[in-house]
Amino acid sequence: MVRAKRKLDHIEYALSTGQSRTHGFHDIDFVHQSLPNSNYDTITCETKIGELSLSSPIFINAMTGGGGEKTLHINEQLAYVAKHHNLAMAVGSQMAALKDESEAASYKIIRKVNPNGIFFANLGSEATIEQAERAVDMIEANALQIHLNVIQELTMPEGDRDFTGVLRRIEKIVLNSKVPVIVKEVGFGMSKETMQQLASIGVTAIDIGGQGGTNFAAVENERRQRMLSYFNNWGIQTATSIVEATSTNNNLSFIASGGIQTALDVAKAIALGANTTAFAGYFLRILMQDGIEKLVDEIDLLHTDLKFIMTALGAKTIEELQSVPLVVKGETYHWLTQRGIDTTHYSRR
């Protein structure tokens, strides 16, 4: 019951604390194209994460599950939206259902709603090979997310305090998983060094989960008597983390998440090097406050606006969008320069 209560607390506090919007995309400017040689009606948005083909560079990221009827209903509605727009979708951590079989229904509902959808299972880095297999089987998942959430755990009153052996555990899961493994952060971003470590053990897809969206340090601090306020602004901003990712020159697929709310955010993330983008808190807020039809409409508008932006840039495909010129400035440029990452290739391509 403690874990289920925590799931409901996370929804409540995630909605009340809001999105920080410190994702860094304001430091990214596209180079305007007066002769784009493009046609809105022929723009295509298909993309890939590793070997997984997606119809859209937008998917519904991990949010919830394991909190009884309320989380079942949320996942049911999100699965309907995913089916309507043919989007991939991830569930929240399934450890709750592995510990308590009665919670499995809140995850299994997505496959009932959308039998042919692309779904990602989700577990923390403490998971064993056997738990990973059970999580995948539970929802007949197409991929497995392993989330890294050190700062959330440290801020969580009942959270983990021992993070030894994590890389080795992930490696075992990667070597034994029957589906692709995506390693993701939960809002604190990833450094190039972390991504190089993950690539070295065979990980082929990473969700950088940058700072700028739902702040799980702030969420957990709401549940504490004594706040660890020094963690509230901890992390690497989303835009910065994407560039850190692409600077590794590894054969990795990258998912951009962390405060992404607009088609312009999506376009900038992809132009920086992401293969696709993921929405979580923003979609949850619309669903909970305005209803499912409003969320369906919002995703329609996101796709329309993304195609407008791609038309303006002369990018006919997502692959071409990854090659349009842009300028990195401000704090993002300063951070990357200090980290020894050259950004001039973005502006000169």
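Cβ from N, Cα, C; glycine included.
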Same FMN site per Swiss-Prot - residue from Lys184, Lys192, Lys307 joining Ala62, Met63, Thr64, Ser93, Asn122, Thr214, Gly258, Gly259, Ala280, Gly281: Lys184
Reduced DSSP assignment, Ala62 (FMN binding site): coil
Pairwise CA distance, Gly281 (FMN binding site) versus Glu153 (Mg(2+) binding site), rounded so that it is a whole Å: 19
Distance [Cα-Cα, Å, rounded] between Ala62 (FMN binding site) and Gln152 (substrate binding site): 15
Neighbourhood of Asn122 (FMN binding site) by C-beta distance under 8 A, where only residues 6 or more apart in the same chain count: Ala62, Ala90, Val91, Gly92, Ser93, Gln94, Ala135, Leu144, Gln145, Ile146, His147
